[in-house]
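Reading through the structure tokens given below for one structure.
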Amino acid sequence: MDVQLLESTADPERLICQAARNDYMEEYVADTPFEEAMASMGGDSLEDKQETLIHHLLDHGHFGPFEHPHATFAVKGISRSCMAQLTRHRHVSFDVQSMRYVSFDDVDPDDVHDGEMVVVPPSATDPDWVGRNQQSGQVDEETAAEREELYRETIANSFDAYQELLEKGMPPEDARYVLPIGTKVNLVMSMNARMLMHVADMRAAADAQWEIRDMTERVLDLAAQWCPITFEYYDEEMHNRKNRLAP
Ligand SMILES: Cc1cc2nc3c(=O)[nH]c(=O)nc-3n(C[C@H](O)[C@H](O)[C@H](O)COP(=O)(O)OP(=O)(O)OC[C@H]3O[C@@H](n4cnc5c(N)ncnc54)[C@H](O)[C@@H]3O)c2cc1C
């Protein structure tokens, strides 16, 4: 999996502060120099004042100003299963790589066996992995090895069948039905900073599945570089508290 920040609002925390100060100022925010709009906030430097205001907003659940800055992420190589979880979030905009127009006709099933086109979950390879909904607990090494081979063989076979169906004239949009739900996909997604925190509340939580959790942690790392005061505070004070931003 790979996650990168493609585009984002240039100075997100200035925008958050401008929007928030708008609510409590008599003057028109667009005509007020930023330093003047922030003058009544505690702190020596402008950055300190931004920190004071942003912490105050997050602490008091005033999340509206965080809806103004937007970020767009590119995500590579998550499973279609993970994508189905992610795309349930209705305030995130998506573009998803098509399996109608992109056909995987030149993929070598041996490479699929090695994990190229389909995500191989840690539970398929790690004998000690204990999944959240696991019924049987840990298994011995022999069973773990059989499990891994069964998984790898099955995904390779499904790509084999897919390619044979294409060769027999089936269109990619229909032949794809035989591919596993673990098949990798690339997508682009955009959301505002408030939604990013909501997605993180739900998907970086302990009860989320490992894959979407991993993806969300990567998004949070990028968010901390993009919008540092907000997401450092989120990490320290809000991370792992479920559904904090749901009304
Ligand atoms: C651990 C886990 C297990 C899950 N298991 C299942 C499952 O078994 N089956 C399943 O179907 N889903 C499952 N989900 C998905 C979950 O039910 C939500 O659909 C998904 O997480 C989207 O989040 P959200 O409801 O906060 O909505 P979002 O689309 O992220 O919207 C954000 C917020 O906006 C508000 N909102 C958005 N749209 C509406 C609306 N139409 N009406 C009122 N308020 C709205 C809500 O306050 C919502 O919290 C699971 C999620 C998690 C994290």
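One is the number of the first residue shown, and numbering goes on along the chain from there.
Cβ from N, Cα, C; glycine included.
Any TrEMBL annotation is an automated prediction that lacks curation.
Features of the protein shown, as given by TrEMBL:
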ACT_SITE  R203  active site, involved in ionization of N3 of dUMP, leading to its activation
BINDING   Q85, L86, T87, R88, S98, M99, R100, R176, R203  dUMP binding site
BINDING   R88, H89, R90, N192, A193, R194, H198  FAD binding site
REGION    120-140  region 'Disordered'
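Everything TrEMBL records as a feature, shown here on the structure.
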residue	record	DSSP class
Q85	dUMP binding site	helix
R90	FAD binding site	coil
S98	dUMP binding site	coil
A193	FAD binding site	helix
H198	FAD binding site	helix
R203	active site, involved in ionization of N3 of dUMP, leading to its activation	helix
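Selection of the binding-site residues R88, H89, R90, N192, A193 by a Cβ distance under 6 Å from ligand 1 yields, in sequence order, R88, H89, R90. Residue pairs drawn from Q85, L86, T87, R88, S98, M99, R100, R176, R203, the listed dUMP binders, are separated by up to 28 Å at the Cα level.
Within the group of binding-site residues (R88, H89, R90, H198), the Cβ with the highest number of other Cβ atoms inside 10 Å belongs to H198.
Figure note: comparing Cβ neighbours within 10 Å for the recorded positions R194, R203, the maximum is reached by R203.
All protein chains shown were included, and the count of other CB atoms within 10 Å of the CB of N192 (FAD binding site) stands at 19. In this view, Q85 (dUMP binding site) is surrounded by 17 other Cβ atoms within 10 Å of its Cβ, with every protein chain counted.
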